[in-house]
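Read the structure below first, then the notes.
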Amino acid sequence: MGGAARWIQRLSAARISTEALERGQSRVIDASLTLIRERAKLKGELLRAMGGVKASATLLGVPLGHNSSFLQGPAFAPPRIREAIWCGSTNSSTEEGKELNDPRVLTDVGDVPIQEIRDCGVEDDRLMHVISESVKTVMDEVRSSSAVVLGGDHSISYPVVRAVSEKLGGPVDILHLDAHPDIYDCFEGNTYSHASSFARIMEGGYARRLLQVGLRSITKEGREQGKRFGVEQYEMRTFSRDREKLESLKLGEGVKGVYVSVDVDCLDPAFAPGVSHIEPGGLSFRDVLNILQNLQGDVVAGDVVEFNPQRDTVDGMTAMVAAKLVRELSAKISK
């Protein structure tokens, strides 16, 4: 039984009315969105004072892990990624020379308080709406800003992509780097499972093209769902043949831009051991950067998900890997 269901049971036992419960939940949700809005508004004022910017990246953490089918450690990832981004062991420059300590490149509006909202008995339908509204708020208040979302498990991609598509007024192309296609219709009875997020995205019409790269743990249903939705699936067993094409992708023409979703387990565990689902035979870190840096298209948002700090090495190796993915994705977005 989930945390939300337990809370509802306790409140029912205490004879709290449904109306009182819903009013309390609404107050908590409103307060959560207000916090995101005011932080985003402050960041927007700073950018305007600096003369504005064509496009910048804004970090938004979504520490959600309960839709994971195995371990829930990704809920603890956002603060660890932030810590690694600004770690003194490296500098603030991206590989192409953009300075992350320049707010015109990267700002941060904090985390959606997922656990606090769930502790009030809010179920996933409403929680996904809160995540979507948080992303839209960032896009509203930090003008010309693109959300870079720190997961969290991969279920968060659905409400984030939905928000981006709805806000921009049409579908996007998605580049999805992952060991798994995450396109089950309803994994283990959970429509919001991290293994079903891209089924929800494609059903909603929020993506025109979906390219999945790095696949090496894919079932019959994963392939059938891919065919159903017209997904372009690139498996690691043919990566040497596909490499040239994947390192010169051109996406986003005729739609509202490109969304990039990076599941850290797209990488071989030699590069990123701190994930819930360890799948040998993955991409190298340089493979991922080559694909990302050579991508031609207007990247309008993205996420880095499924880093599990509870399985990381003592020295935080995977945190640094996730942080560099965020840094380079932010560089790709900012103009």
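Just so you know, glycine gets a Cβ as well, placed from its N, Cα and C.
Feature annotation from TrEMBL assigns Mn(2+) binding site to His154, Asp178, His180, Asp182, Asp263, Asp265. Within 10 Å of the C-beta atom of Asp178 (Mn(2+) binding site) sit 28 other C-beta atoms, taking all shown protein chains into account.
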Under 8 Å by Cβ from His180 (Mn(2+) binding site), counting only residues of that chain that are 6 or more apart: Ala195, Leu215, Ser217, Ile218, Gly222, Asp263, Asp265, His277, Glu279
Beyond the site residues His154, Asp178, His180, Asp182, Asp263, Asp265: chain residues whose C-beta lies within 8 Å of the centroid, for Mn(2+): His176, Ala179, Pro181, His194, Cys266, His277, Val305, Glu306
